[in-house]
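Enquirer: Sequence annotations record features per position, and here TrEMBL assigns active site, proton donor to H226. Here TrEMBL flags H226, N227, A228, V229, H230, D267, D376, Q427 as AMP binding site. Residues annotated as Zn(2+) 1 binding site in TrEMBL: H230, H266, D267, D376. Residues or ranges marked as Zn(2+) 2 binding site in TrEMBL: D267. The annotation compositional bias 'Low complexity' is assigned in TrEMBL to 502-520. The domain 'PDEase' annotation in TrEMBL covers 150-472. What TrEMBL lists as region 'Disordered' is 468-532.
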Amino acid sequence: MEVCYQLPVLPLDRPVPKHVLSRRGAISFSSSSSLFGAPDPRQLSQRRGAISYDSSDQTALYIRMLGDVRVRSQVGFEPEGRGSYPYLCIDFRTLHSCSESASSLIPGPGFISAGPVSGRRLRRLLSFQRYLHSSRLLWGTTHLNPLHILDEDYIGQAKCMLERVGSWNFDIFLFDRLTNGNSLVTMTFHLLNQYGLLELFQLDMVKLWRFLVMVQEDYHSLNPYHNAVHAADVTQAMYCYLREPKLAKSLTSCDILLGLLAAATHDLDHPGVNQPFLIKTNHYLAKLYRNSSVLENHHWRSAVGLLRETGLFSHLPAEEGLKIERQLGSLILATDISRQNEYLGKFRTHLNQEDLCLSNASHRHFILQMALKCADICNPCRPWELSKQWSEKVTQEFFHQGDIEKKHKLEVSPLCDSQRNSMGNIQIGFMTYVVEPLFSEWGRFSDTRLSQTMLGHLGLNKASWGGLVQQERPSSPDELEPSSPASVTMPTPAITKSEPESASAVEPTAVTTATATGGTNSKEIPQGSKES
């Protein structure tokens with residue numbers, strides 16, 4: 001294995017010891033020059049960073065890490081640039097950071113200890129160092145030698161955006177660029193810190209950062225839609241809902257912690273294909289969860305695995321930790337879009353009977369489930385400029401799955417055939433059959449300016465897609481009507497428990513829903529489940 005270090009061409013932040021700069025082969029950065037050079041030796045002391053080689057064995061003795069770390073094989077490597085920033089790639093075939101001189105020069109939790117380190121652990125350790133400055137920035141504390149990740153101009157812009165994180169017009173795509181592809185980590189940490197949850201639950205900041213970094217890494221960046229940016233967008237939407245008056249005055253700190261963590265992890269390790277694809281390709285996950293809420297179960301179990309690996313809640317009593325894991329699973333499993341009618345019917349019944357009591361823990365948990373469901377499919381309720389980008393991304397992911405199915409002579413899943421479906425008709429069908437019913441009921445529950453804004457955007461976006469569809473010439477009769485998510489029925493498989501340990505599942509009903517911006521999770525649903 002080789003390790004490729006991608007260093008942004010940005011100023012480094014601290015002076016380099018003179019004995020390091022005096023070595024032959026020193027490569028140095030300064031705040032005055034944008035690239036490497038061969039300055040006058042008297043100016044070396046003014047340099048603020050360097051990479052130095054020993055002349056005898058070419059071992060890297062001093063490295064101030066900035067930017068991405070990529071583990072690659074001998075086959076080859078294509079550098080992946082994040083954002084729009086220039087990168088300079090430097091390859092080291094071996095990295096020795098166990099010498100005494102090196103260990104004295106590389107401070108902080110990003111230090112790599114002696115001995116063999118796996119590529120995955122190496123990436124995570126260095127990722128934490130990369131995010132250290134952001135944590136200090138979000139804490140609002142000043143340090144003598146902060147580890148700069150981005151130019152101050154970019155950090156300032158990202159910080160300004162976080163001051164408006166409760167705005168429904170929040171541009172998550174811009175925020176992701178300003179954080180250099182770290183929108184999920186930065187967003188989630190900021191919100192947890194803003195609510196004071198780190199102090200309240202005595203969360204270790206190092207463990208929390210490691211957990212968030214691992215969560216972000218376990219989202220697939222090659223997925224057009226189900227990636228870390230989508231998770232950050234859902235987390236921001238969840239925050240907007242948590243601020244609604246009915247919830248803000250009723251939710252406990254534990255409710256808020258669960259809501260934000262569930263939003264950040266709700267699509268963890270999503271493969272970019274839906275459940276029917278996993279079933280018909282005999283994927284091991286489909287067998288593991290017996291074709292029931294396969295993706296949602298995997299997202300939940302993956303999140304629990306990272307919580308336990310990082311020990312984020314290891315300081316809590318064991319029973320409390322298990323309770324958090326079960327409730328987290330209950331929230332994530334509620335995002336199974338094929339269970340939409342189940343949850344919507346229950347929500348409508350509560351609203352008709354006016355019996356929701358938010359002082360009741362089970363009712364609060366149910367409202368959190370509905371809030372997360374809304375956050376997961378809220379893209380059509382965003383301003384057109386944002387909504388359209390999400391529509392393009394999810395359609396691209398659909399059609400990519402369809403192309404794979406065609407290539408391997410499999411039956412093409414609904415909405416995944418680019419020859420028979422258009423982006424406009426997919427979106428209109430999704431808005432009509434899935435989004436409008438859900439957000440209409442949410443508006444009944446929380447009749448606020450935000451709800452009115454979301455429904456207003458939904459109506460305008462639906463009209464915009466209708467206009468675009470009329471301008472297109474349909475290539476087949478299938479395009480004349482919007483795609484209905486209830487148009488496909490799948491056989492009922494054998495089901496086992498798909499809920500957390502505290503919930504009991506009963507016999508399923510064969511119902512499938514093909515989604516658009518809500519995700520590609522068409523599944524058989526266990527009806528009548530009791531949530532924890």
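Each residue, glycine too, has its Cβ placed from N, Cα and C.
Keep in mind that TrEMBL annotations are predicted by a computer and have not been checked by a curator.
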Enquirer: I'd like to know which of the recorded positions H226, H230, H266 has the most other Cβ atoms within 10 Å of its Cβ.
Expert: H266
Enquirer: Cα distance, H266 (Zn(2+) 1 binding site) to H230 (AMP binding site), nearest Å?
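Expert: Cα-Cα, rounded: 10 Å.
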Enquirer: Suppose you look only at the domain 'PDEase' (150-472); what would the mean pLDDT be?
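Expert: A mean pLDDT of 96 is what the predicted model shows over the domain 'PDEase' (150-472).
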Enquirer: Between D267 (AMP binding site) and H226 (active site, proton donor), find the distance joining the two CA atoms and give it rounded to the nearest Å.
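Expert: Cα-Cα distance, D267 (AMP binding site) to H226 (active site, proton donor): 7 Å.
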Enquirer: In angstrom units, rounded to an integer, how far apart are the Cα atoms of H266 (Zn(2+) 1 binding site) and D376 (AMP binding site)?
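Expert: Distance between the two Cα atoms comes out at 9 Å.
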Enquirer: Could you measure the widest C-alpha to C-alpha distance across H226, N227, A228, V229, H230, D267, D376, Q427, the residues recorded as binding AMP, and give it to a whole number of angstrom?
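Expert: If we measure all Cα pairs in H226, N227, A228, V229, H230, D267, D376, Q427, the largest is 22 Å.
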Enquirer: Within the chain of A228 (AMP binding site), which residues six or more apart in sequence place their C-beta under 8 angstroms from its C-beta?
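Expert: Correct list: G181, S183, L184, V215, Q216, Y219, S221.
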Enquirer: What Cα-Cα separation, expressed in whole Å, is found between H226 (active site, proton donor) and D376 (AMP binding site)?
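Expert: Here the two Cα atoms lie 11 Å apart.
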